[in-house]
Amino acid sequence: MWKWLRTQVKIHCKTLTKIKKKMVFMIFFIPVKSSCQIDKEMSIFDHLEELRQRIFVSVLAVGAAMLGSFAFSKELVMILEAPVKEQGVRFLQLAPGEFFFTTLKGYCGLLLGSPIILYEIIAFVLPGLTKAERMFLGPIVLGSSVLFYAGIIFSYSILTPAALNFFVNYAEGAVESLWSIDQYFEFVFVLMFSTGLSFQVPVIQLLLGQVGVVSGDQMLSIWRYVVVGAVVAAAVLTPSTDPLTQVLLAGPLLGLYLGGAWMVKLMGR
């Protein structure tokens, strides 16, 4: 009898250990009850106070990331200059302290602090969701994060070199390429962030399909309009005016839309 009890206790302990390990991974995507106060009734003033605290934590995280980027600013500059370094482009500091106050730190702080911002947003809205909605939120957040950083990588490795090489080749033989370091970083980061945001198309489709606003068949039936919309969106999102960059962005946008539509259809929506 005691031997059987010891065996059962060991089995349950192993099960609890596995659950805890999974919770370590899921705690970011679905915050635990104690941090969200799901069962606690809160007044409007309590909600405003919680919102103020979460905004403060988000701003603090971005500020800490900005300060941390100062320590590796030269390494970051070398990485961001790589797409056009072989083209003979020279970067200039057009004003005193321009390199020190460059937008590089601000964008890096926002990029590195975005996981904390995402967590604080989820923790704030989670108490107002049903149990089914909370279970659906985890995969959505994970997919959204993966797509956002995939868009940034795609922009850095494909879109940015294509756009910058277009400008360099267009000016070759006419003018020497001497670029402002601050304006260059602003161009690169705007392109990266806009691409990351545009890669959220499947997430928006899944949310619309989940709430029953539109079905997968309806999404697929308007693919002709989506082609035009992808081209227009690429023209708006890209800071450059060259057609090559717009086509390179419109293609993935169309592919993401069709993939999201099929996912909604497979989910039976």
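Using the three backbone atoms N, Cα and C, a Cβ is placed for every residue, glycine included.
Taken from TrEMBL, the feature transmembrane segment applies to 55-73 (among others).
The feature transmembrane segment is assigned by TrEMBL to 104-126 (among others). Same-chain neighbours of the transmembrane segment (104-126): 28-31, 35-36, 38, 50-51, 54-55, 57-58, 61-70, 73, 76-77, 80, 134, 137, 141, 145, 148, 152, 185, 189, 193, counting only residues six or more beyond its ends whose CB sits under 8 Å from a CB of the stretch.
What TrEMBL records for 146-167 (among others) is transmembrane segment.
Sequence annotations record features per position, and here TrEMBL assigns transmembrane segment to 187-208 (among others).
Tertiary proximity for the transmembrane segment (220-238) is limited to same-chain residues at least six positions away from its ends with a CB under 8 Å from its CB atoms, namely 159, 163, 191, 194-195, 197-198, 245-247, 249-251, 253-254, 257-258, 261-262, 265. The transmembrane segment annotation in TrEMBL covers 220-238 (among others).
Summarising the annotation, TrEMBL assigns transmembrane segment to 244-264 (among others). Within the chain, the transmembrane segment (244-264) has long-range Cβ neighbours (under 8 A, six or more residues past its boundaries) at 147, 154, 158-159, 162-163, 166, 191, 195, 198-199, 201-206, 208-209, 215-216, 219-220, 223, 226-227, 230-231, 233-235, 237-238.
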